[in-house]
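Notes to accompany the following structure.
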Amino acid sequence: MAEIKDEGSAKGYAFPLRNPNVTLNERNFAAFTHRSAAAHPWHDLEIGPEAPTVFNCVVEISKGGKVKYELDKNSGLIKVDRVLYSSIVYPHNYGFIPRTICEDSDPMDVLVLMQEPVLTGSFLRARAIGLMPMIDQGEKDDKIIAVCADDPEFRHYRDIKELPPHRLAEIRRFFEDYKKNENKKVDVEAFLPAQAAIDAIKDSMDLYAAYIKAGLQR
């Protein structure tokens, strides 16, 4: 053993002498990275005991942001997808619900109304208050409309019909316009009540359970 002295104290520390020519094989490296890997926000973060009514969600894009961040499903990191082509910004915090999956093979999207922007990669508790059916370039891409369950200004809302009409118009206009300068068509249909959102989340939870089960059986 080679002894290395800590100059800041009288205490010595002994470390094994290592051969600098030794390299890790793939098996060693895989075991090491598995032990030290960060949690995957889609799979490792629990959705919460009150789901599908109140649930955890991960923020990808902060309120007021123009950068379109999204989850990289392989690594679990948040990547930059693009910068919005227009001058509009996200009206509220936007992210996804862990342990859900939709028909497009992505986790369920959620727009969370609250007072302040939240850092990308943070997670919070949200309450479903409505569903915004949306068609993005011919494909279904519905959004859950939610409020932060721990924000005193918004947590009392239980259904989307309780929101001021201007707030709904703001949300609709953003999603109708945010891809126009990319020559991409987005259609937003009539907002649906809280129960429709709760049912959609429950369906996405069931699809996720089936997705994981199928993966384990391969």
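Yeah, the Cβs are placed from backbone N, Cα and C, and that goes for glycine too.
Feature annotations, courtesy of Swiss-Prot:
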{"type": "BINDING", "residues": "Lys68, Arg82, Tyr94, Tyr178", "note": "substrate binding site"}
{"type": "ACT_SITE", "residues": "Tyr90", "note": "active site, proton donor"}
{"type": "BINDING", "residues": "Asp104, Asp109, Asp141", "note": "Mg(2+) 1 binding site"}
{"type": "BINDING", "residues": "Asp109", "note": "Mg(2+) 2 binding site"}
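Mapped onto this structure are the features recorded in Swiss-Prot.
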residue	record	Cβ contacts under 8 Å, 6 or more apart
Lys68	substrate binding site	Ile61, Val80, Asp81, Arg82, Val83, Leu84
Tyr90	active site, proton donor	Ile61, Ser62, Lys63, Gly64, Gly65, Lys66, Phe174
Tyr94	substrate binding site	Val59, Glu60, Ile61, Asp109, Val110, Leu111, Val112
Asp104	Mg(2+) 1 binding site	Glu139, Lys140, Asp141
Tyr178	substrate binding site	Leu84, Ser86, Ile88, Val186
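The record assigns Lys68, Arg82, Tyr94, Tyr178 to the substrate binding site, and the maximum Cα to Cα distance across that set is 15 Å. Every protein chain considered, the tally of other Cβ atoms within 10 Å of the Cβ of Asp109 (Mg(2+) 1 binding site) stands at 21.
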